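Dumping what TrEMBL says about this protein:
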type	residues	note
BINDING	Arg54, Arg62, Thr99, His100, Asp121, Glu167, Lys171, Leu181	CoA binding site
BINDING	Asp121, Ile122, Glu123	Mg(2+) binding site
DOMAIN	47-110	domain '4'-phosphopantetheinyl transferase N-terminal'
DOMAIN	117-199	domain '4'-phosphopantetheinyl transferase'
Amino acid sequence: MNCRSVPQPTPAWPFKQEALPGLTMFALPLDGYEPACDAVLMDSRWLGQALPQRRREFAGGRVCAAAALRALDLLDDWLPIARPHRYALFPVGAVGSITHNRSLALACAADADCFIGVGIDIEEVIWHPELVAMAAHVMCPQEHKRFQNMEGFTALQFFYLCFSAKESLYKALFPLCHVDLEMSEAELVSWDTQGHFVLALRSERLSKHFADGHNFHGLWAMEEDTLFTMIPLEKTG
């Protein structure tokens, strides 16, 4: 393959709030990115049989994660997949999260001395006919009732904020708790135009770690038609 220079991830922070100390985030546009041209990914651990789009997304996320770890002066080698759970296993001393859509890969890494977990998610905010039916599965009854009283872009944004915020929460919690939460086991209880939101846990299945009703605070932002969400779980005490 005749490879051009491989695009490199760059620091990213889409949120209105100041970046959090001890946490780094990097992004990589996937348009035109060719993983086969990246020497880091050319070995037996690579998803050689995956479809090209999936290969770009997977590789782009891992490359961003490596950059985020380097920025924290931590190990930046290939991130193995935790078996049998299949999430990216960050090295000792770090926690992190990876996400992507069709055009962008994004990863963050955080110092484990400051954070017990972090979750990020990106979604394309686009209307499609199945969205109304999906809302019943994405939302708990209280959220769904609010959604049914909304119209237009307000309803569209609320749907995706519910979905994406919960994706970020589950990415932050799963490596810590190893519990597959349902979408109905968290509720978006507040959000504002400054980019803050709060999810309340509506489950007792995480009682060893978090009580039913525990509030998780997150950040959200819109850039054109892309929604970004993040939930950092900072150490306390």
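Yeah, the Cβs are placed from backbone N, Cα and C, and that goes for glycine too.
Given the structure is predicted, the values throughout are model-derived calculations rather than measurements.
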When neighbour density is defined as the number of other C-beta atoms within 10 angstroms of a residue's C-beta, which of the binding-site residues Arg54, Arg62, Lys171 has the lowest density?
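Sparsest of the binding-site residues Arg54, Arg62, Lys171 by Cβ contacts within 10 Å: Arg54.
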Drop a 10 Å sphere on every Cβ of the binding-site residues Ile122, Leu181 and tell me which sphere holds the fewest other Cβ atoms.
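With the binding-site residues Ile122, Leu181, fewest surrounding Cβ atoms within 10 Å: Leu181.
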Including all protein chains displayed, how many Cβ atoms other than that of Glu167 (CoA binding site) lie within 10 Å of its Cβ?
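Step by step: centre on the Cβ of Glu167 (CoA binding site), count other Cβ atoms within 10 Å, giving 21.
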Cβ distance under 8 Å to His100 (CoA binding site), same chain, sequence separation 6 or more: which residues?
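Counting only residues 6 or more apart in sequence, the Cβ neighbours of His100 (CoA binding site) under 8 Å are Leu30, Glu57, Gly60, Gly61, Leu106, Ile122.
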Using the alpha carbons only, what distance in Å do you get between Glu167 (CoA binding site) and Glu123 (Mg(2+) binding site) once rounded?
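It is 10 Å, counting Cα to Cα.
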So for Thr99 (CoA binding site), how many other CB atoms are inside 10 Å of its CB?
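Its Cβ shell of radius 10 Å holds 24 other Cβ atoms.
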If I restrict to non-local contacts, at least six residues apart, and a C-beta distance under 8 angstroms, what lies near Asp121 (CoA binding site) in its own chain?
Thr99, Ser164, Ala165, Glu167, Ser168, Lys171, Phe228, Thr229, Met230
So, in DSSP terms, is Lys171 (CoA binding site) helix, strand, or coil?
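It is helical.
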